[in-house]
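Enquirer: Structure provided below as structure tokens; questions to follow.
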Amino acid sequence: MSLVENIKKNKVPKHIAIIMDGNGRWAKKKGMARIFGHRNALTAVRESVIGASEVGTEAISLYAFSTENWNRPKLEVDALMSLLIHSLKKELPDFQKNNVKVNAIGRLGDLPKKAQETLNEVIDATKTNNKITLTFCLSYGSREEINTCVKKIAEEVKKGNLNPEDITEDLIQQNLYTHNLPDVDLMIRTSGEQRLSNYLLWQLAYAELYFTETLWPDFRREDLFKAVETYQNRERRFGKTSEQLEGEHEQTI
Ligand code: FPP
């Protein structure tokens with residue numbers, strides 16, 4: 001079993017992003033409706049946040065509802081929205097106890113009013129917490145995010161506040177929903193699917209990808225530790241050679 005003690009303190013991923021997949025299959029295996037899987041997903045959410053915090057990760061982002069998820073049956077969409085509202089309220093005392101700062105990104109205006117209000121309350125109540133930032137990606141799609149970002153920058157060019165030469169990678173980063181988060185170091189997807197599904201495409205440019213067969217409702221902090229251990233054993237070269245990296249390492253010791 002993977003233990004937090006096995007994790008090296010000097011190579012902790014700053015930002016972990018998770019595609020929480022497999023709720024429907026988990027429920028089906030038990031002969032239950034899909035929503036039963038979503039309801040049983042909350043323990044995995046809690047465990048991941050606590051686990052990431054124990055590891056020393058600064059930020060964890062969860063793909064809770066994609067722009068494409070609106071196409072699911074209305075009954076499932078409504079159930080997911082009410083689950084979001086109830087669980088945010090229920091978890092607030094634990095967010096405070098564990099010093100978790102809650103954040104949300106995506107087309108939040110598309111969410112039901114009640115979900116928007118609850119999110120705003122929880123975000124406001126936790127805004128001075130600083131152990132870990134938990135970002136719920138809601139009505140989120142990476143292409144939508146990039147499209148919104150391009151429009152914002154184009155408006156500034158049109159107004160004459162910006163020249164095309166001023167458009168740098170940094171400027172793009174500053175205009176994404178994730179402007180206040182570090183790049184993703186580790187992306188985890190559960191349930192055996194190996195796809196990015198329109199998730200944080202810009203932010204994942206140099207991320208290590210970790211896929212596990214575990215269905216999301218069964219995911220526990222030990223699974224997260226195992227993902228972090230795997231991440232720590234990989235060599236991140238950022239386009240350089242192994243020899244160059246060894247040279248840099250020798251200079252720092
Ligand atoms: C993917 O499983 C999961 C989702 C689309 C929703 C994620 C929602 C939760 C984890 C519920 C709790 C979250 C919050 C923030 C309250 P799936 O339904 O696609 O599973 P399948 O691929 O097996 O059908």
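Including glycine, each Cβ sits where the backbone N, Cα and C put it.
So TrEMBL lists these for the protein:
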type     : residues                                                  : note
ACT_SITE : Asp21                                                     : active site
BINDING  : Asp21, Glu208                                             : Mg(2+) binding site
BINDING  : 22-26, Arg34, His38, 66-68, Trp70, Arg72, Arg189, 195-197 : substrate binding site
ACT_SITE : Asn69                                                     : active site, proton acceptor
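Any idea what these are sitting next to in the structure?
Expert: Neighbour list (Asp21 (active site), Cβ cut-off 8 Å, at least 6 residues apart, same chain): Arg189, Thr190, Ser191, Glu193, Leu215, Trp216. In the three-state DSSP scheme, Asp21 (active site) is classed as coil.
Within 10 Å of the C-beta of Glu208 (Mg(2+) binding site) there are 19 other C-beta atoms, taking all protein chains into account.
Sequence-distant contacts of Gly24 (substrate binding site), defined by Cβ-Cβ distance under 8 angstroms and a gap of at least six in the same chain, are Arg34, Gly37.
Sequence-distant contacts (6 or more apart, same chain, Cβ under 8 Å) of Asn69 (active site, proton acceptor) comprise Val77, Leu80, Ser139.
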Enquirer: Those binding-site residues, Gly24, Trp70, Leu196: which ones have a Cβ sitting under 6 Å from ligand 1?
Expert: Gly24
Enquirer: Please report the distance from the Cα of Trp26 (substrate binding site) to the Cα of Glu208 (Mg(2+) binding site), rounded to the nearest angstrom.
Expert: 26
Enquirer: For Arg189 (substrate binding site), name the DSSP secondary structure in the helix/strand/coil scheme.
Expert: strand
